Amino acid sequence: MADTTTVVVERREVAEGRESSKANHIGEERRGYDVSRKRCSISVHGGGTEGGGGNMRTNYRELSPASLRIHRKSSHDIRNTLLGPDGEVLHLHDPSGKGGDGMGKMPAVVKPIKLKSIVTKAESYDTMHGKASDVMSCSREVCMGSVMTPHVIGTETRKPEIVQQHAKDFLDQYYSSIRRLKSPAHDSRWQQVQKEVEATGSYHLTETELIYGAKLAWRNSSRCIGRIQWSKLQVFDCRYVTTTSGMFEAICNHIKYATNKGNLRSAITIFPQRTDGKHDYRIWNNQIISYAGYKNADGKIIGDPANVEFTDFCVKLGWKSKRTEWDILPLVVSANGHDPDYFDYPPELILEVPLSHPQFKWFAELNLRWYAVPMVSSMLFDCGGIQFTATAFSGWYMSTEIGCRNLCDANRRNLLEPIAIKMGLDTRNPTSLWKDKALVEINIAVLHSYQSRNITIVDHHTASESFMKHFENETKLRNGCPADWIWIVPPMSASVTPVFHQEMAVYYLRPSFEYQESAMKTHIWKKGRDSAKNKKPRRKFNFKQIARAVKFTSKLFGRALSRRIKATVLYATETGRSEQYARQLVELLGHAFNAQIYCMSDYDISSIEHEALLLVVASTFGNGDPPENGELFAQDLYAMKLHESGHHQAHSELTIAASSKSFIKANSRSDLGKFGPMGGRKIDRLDSLRGSTTDTLSEETFGPLSNVRFAVFALGSSAYPNFCAFGKYIDNILGELGGERLMKMATGDEICGQEQAFRKWAPEVFKIACETFCLDPEETLSDAAFALQSELSENTVRYAPVAEYESLDRALSKFHNKKSMECSVKRNPINLHCEMNGTERSTILVEIMAEGIDYEPGDHVGIFPANRKEIVDGIIERLTGVNDPDEMLQLQVLKEKQTQNGVYKSWEPHERLPVCTLRTLLTRFLDITTPPTRQLLTYLASCCGDKADEERLLMLANESSVYEDWRYWKLPHLLEVLEEFPSCRPPAAVFVAQLNALQPRFYSISSSPRKYSNEIHLTVAIVTYRAEDGEGAEHYGVCSNYLANLQSDDKIYLFVRSAPSFHMSKDRTKPVILIGPGTGIAPFRSFWQEWDHIKTEMVDCKIPKVWLFFGCRTKNVDLYRDEKEEMVQHGVLDRVFLALSREENIPKTYVQDLALKEAESISELIMQEKGHIYVCGDVTMAEHVYQTLRKILATREKRTETEMEKYMLTLRDENRYHEDIFGITLRTAEIHNKSRATARIRMASQP
C-alpha cells in the first residue's frame, strides 16, 4: 500500500529499559526511548501490508536493539534515520502528515496505548491515535474529558494551506480504501484539488468522496455507541439546494426515508459547504424533531425544558403553537447566509410512540410519548478540509436516551419521582433505591412501547455488546478505535455492561462531526430586520384545503426524493439481449429514480459500496462462464470477497480463480443455505423488514455492501447444465458481501419464455424498490408501465437522407463495440467431406488472409456474417416509406428534453444504428432470421390491413403458450412472418428500429500462427434444417452458409477473442488428452500444428505426450484424417482414437465409450502424471465426457462422490481441465425438446 513504513515503539519495562530522560531527538537523544538498551518492540505498519488498501492488519515483528542503529545522513543534516537489521529505513510516523517541522525535528514516534478489559483481562494496543487531529482540550495538568463541548467551531474559515493539508490526508484515506493509493487516478485527483484550492481557497468533493467521508465521520465518532452500523449510512447529497424551502423539502424526505414505517434507517442529509463564513447554510434546531418548551409567568414549564429558549425564538419568528406538552417544534433553516425561515411539518410525517407499560396499566394514562426518529442537526461535518455547516444525521434510539435522559433528567421532563410515587415506592429514603426501581420500569415501558409497535430501538445491553464487537473489529482493521468512555457507558446499569470494564482511548480523527456555535449566536441579521419583528402572516385553511395541501405536499416530497436516489443498472452480455433488457429497465426506473446504466466492463467497482439501488441484468456465456464484458466485474467482486474475509491473493491467481468454471459453479449454487462460503449471512428484504431490536446491531448484517439494495435478472439457456450460472454467482456474492436482496433472483430462459419472465420481473422489482425508498409506487407505476411497452411510431422515428457515412468495418466496430478487422478469403472454402454420400452434412475449411492479427492456438474468431440476399430482398419488398433501398439514410428518433422553458423536442440520430442503406442495414447489422419477439408481433399487428391477420398476430403476442408453440414449430424468419400475414406492411424506419442486432458468430481457430503466419483457418459445419418435423421450408444457418458461399479474395470482417482458459499448457512435460467429436476437432488442429512446428523448428524443445479422441458418424467424414496420420508419423500425436456412431456393421460408439476402455491409462495420465484434459464440442457431449472422466477417476482411485466432485473442481482450478463448448444446435432435436420442456415447467412454477 504505502511506500513508507511507520515505526511504532512500545516500551517494555525491563531491568535496563528505562525511558530516556532526553526525549527531543532521535540520535544522541532518542525521542523518548533508548534503543541501545536491551529490548524494545517495533511494529512495522504500512509497507508490509497486502492488498494496497485501507483497513489493513498490522504486520508485527519484534526487533532486538542490537539490530537497530541510528544513521545520520550528513554532518550538516541533523535529521536522523532509524535503520532495521537489513539496512532498511524505518520511517517514523508523522501524525501531522507534514513530514517533520522543517527545522530538523523528526516526526513523533507513536507509542502504542495498551488497553485492557478489566473483566476478561483481554489486551489490545491502540496505534490509531497517532493519526489524531490536535483538537483535544486536555492539558498536561487537567483532564477535560467530562466537558460537554470541549471544542466548538465558530464562523472563521480555514486558510488554503490548511485546506490542502486536510484534503491530502482525506484523499489518501479515500484512495487507500478503494486500494488505489498512489495510482494515476489518485495523483490526478490530488493535482486537481491543489489547483482548485490555489484558485479559490476551497474545492468540491465528488459524490463518492462525500459518501465515503460521511460514513467515515460516523465511524470516527468517539462518543457514539452504535457505530458498528457506520457502513450502512444512507447519504443524501443536497449540495444543490439553494433555498430554505428546498432545505425543508429535503429534510422532510429524509424523515420519510429514515422512518420507513417504523423500521428505522440511518441517514444523513448534507447541504452546501461553507465558503466565506458569511453565507453559511444552517439548521437552527439542535434536533430536527423535538418538543417545544414554554415557560409560564409563574416559572412553571410546559413541555421540554431543554427547548424553552429555542421555542421562544420560534414564537418570535412568527410560529403559532398550541402550547401543549407535546408540540413538535417547526424546522428553522437559513440558506446562503440569509435570515431564517420556519416550516411546520405535515402531521403525518412525524411518527410518535405513546408510552405504556406491560404490567402497569396506569402508565398509559400519564399520556407520555416520544418520537421515533432521533435526528441531530446542530453539528458541523468536517471532511477533507471542507466544512458543512448544515447536516441532519438520523439513526435510532437506545432506550436509555429516552427512559433515563429525556424523561428523567432533572433539567428535562423530570418524571422519575412522580412515576415512583405512582409505583408506590418510598421516595423519602434513598436507601430504598426508589430511583433505581423507577428508572428500570420507565425503561421497560419505553422498550415495550417501541417494540410492540415494531419501531426500531435498541436496549443498552445489546448496544454495549455491539460496541464491544465494533471495538474488536476496529482494533483488528485500523489498530485502534477512538472511544469516549464517559459517553459510551450507558446511564444505567453501567457496571453490568462490558463497556464499563473496557479501557478506552479518546482522540479525534477526521473526517468528523464537530460541535459548532449556535446559529442563534452567530447569525448576522439583515439590516432593518429583527428576529422579534420577523413575523409571517398566516392564512386560515378549512379541513378540505388542508387535506388537499397535505396530499399535494406528500407527492412533492416523493418526487423530490426520487430525484435524489440513484439507481444503477449493470449488464453483461454476449449477444446484446441483456443490454436490451437493461435499457428497458433504466427507462422504467427513470420514472421514480435517477437511473443510470453501465456495462460491467465500464463500471468503476470502487463506486459499488456507495450505491443505494443496484439492479443487475446478466447473461451466462457457454456452460457457466461470464460474458467477456463481465469477467473483470466478477474478478473485482471476488477480490472484494477475499479482502472482506481476510484472504489475499496475487492478481494472476485471482484472475484464474475468478474466471474458472469451478469458481462460477461453486458460487452460483442456490443451495448454499443461510450461510455462503464466507460464512456471511445473506440478507434479503424480508429480513430487513422484521424490525427486530437486536437485529439492528447484529454483526451478521454487515459487509462492504451492507447499504446496497440489489436484485438480479439472470439470462441463460437451460440446455446448459450450469443454467444462468453467472447471474446466480452475481446474486450470491452480492448477498455474501452484505447487500440487501430486494427480491429473489429471476431467470429468463433462452429456450422458452425469456421475454415473458423479464416483463414480469421488471415491474415487480420497480414496485419493491419504490416501497424500499418510501416512494409512491401507485403514482409512478402507471406512468412507468408504458416504459416496457413504449411503441415507436411514424411520428417518433423517421429516415433522413445524408451524404456522409463510414466504411463498413468502422460501422461494424462502433455498432458491436468490437475492433472489426477487414480481411480477405485466401481461396474458395474446401469441402472436408470429399467422399461423403448425398445424405451427409458438409464441413468446410475456410482459409482467411489475416495479416498483422495476433492470436494463440485455442483462441476464437468472431465473424460478422451477412444475411441471405433472398430474405433481405423479400423483406424490402414488403416495407413502406423508403423508395430507394440503396440510398444512404440515417435513422432518426424524436427526443424530448425538459428545459426551463418547457419540453423541447428534436430529431436525433439513432443511438445504435449506423448511416447506411436499408439493404446494408438488413444484410449486415440486423437480425432477421430469429423468430420475432412478442413485442415485435404486437407492432406488426398494428401494420396489418386485414383484420384476421391483426387478430392472429395479437393472439400470438398476448398468449404465451400459443406463441411458444408457434415459434418452436415454425422457427420462422421475418420474411416468412410477413408472408404468413400478407396484409402486414410496416414502415421501414419503425420496423428496423424494433429489430435486434445481428450478432457475430464465434469459431475456434484451426491453425497455428507459427505454421501459417498471417492466416486464420476455420473448421465450419454447414447448418441447414427444416422446421415442422422436417416438412417445412429449408432454413440456413446464417454464418456457416455465409462462409460457405465466400469466394477467393472476398472481403470478410472479423475480430479475435482470446480464450486463455483453453490455451496450450506452457509446461510441455505434462501429458495432454484431447477430446472432440465432429467440428470439436477445430482447435486441436491448431494444437498439433503448433507442436509440429516446435518439434521441427526448435530441436531442443520437448513436446507433450498427446492422446486424441475423435468421433464422427462414419469413416467417410473423419475430419483431417490425413493430417492426423501425418502427425502420428511425426511423433506429435502419440495415440489417436476414432469413435464411429453410424458406421455399418460397427456398434454405435462415442468418444466417452473409448475413454472408458482406456480408463486405467487415462487415470494414470491425469492422477499420476498431472496431465491436462481438453474437451471441445456441444454441451451435451461435454457433460457426458465430464461424467465419464469423473467415473473413471472415482473407480480407479476409490474415492467417494463428494471427494470426486471436489477433485474435479480442483482440476479446473489448477487449469488442467479445459472446455470449449458450443451451444445447442437445431440438429440436436432431442436436446432442444428436453430443454424446452424444462423451461416450460420452470415458467409454470414461477408465481
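Placement of Cβ uses the backbone N, Cα and C atoms for every residue, glycine included.
These figures come from a predicted structure and were not determined experimentally.
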13-33, 34-54, 685-705, 895-915 - the range that Swiss-Prot marks as region 'Disordered': 13-33
Which listed span Swiss-Prot calls region 'Calmodulin-binding', if the choices are 306-326, 537-557, 1104-1124: 537-557
Local backbone state of F500 ((6R)-L-erythro-5,6,7,8-tetrahydrobiopterin binding site), from DSSP in three classes: helix
Additional residues surrounding (6R)-L-erythro-5,6,7,8-tetrahydrobiopterin, by Cβ distance to the S146, W487, F500 centre under 8 Å: G145, D484, W485, I486, I488, V489
Averaged pLDDT score, the region 'Calmodulin-binding' (537-557): 43
Cβ packing number for Q287 (L-arginine binding site), 10 Å threshold: 21
Among the L-arginine-binding set Q287, W396, Y397, E401, N406, as the record gives it, the longest Cα-Cα distance in Å: 14
Densest Cβ neighbourhood among W396, F500, W1088 (binding-site residues), 10 Å radius: W1088
Under 8 Å by Cβ from Y855 (FAD binding site), same chain, sequence gap 6 or more: V861, I1005, P1009, I1016, V1056, S1058
Alpha-carbon spacing, G858 (FAD binding site) to P1083 (NADP(+) binding site), which is rounded to whole Å: 5
Residues close to L-arginine site centre defined by Q287, W396, Y397, E401, N406, Cβ within 8 Å: W370, P374, M398, I402
Nearest of the binding-site residues (Q287, W396, F500, S1007) to E740 (FMN binding site) - Cα to Cα: W396
Among C224, V712, V861, I1073, C1176, the most crowded of the binding-site residues [Cβ within 10 Å]: V712
From binding-site residues F500, F864, L998, the one whose Cα lies nearest K728 (FMN binding site): L998
Three-class DSSP secondary structure - R1001 (FAD binding site): strand
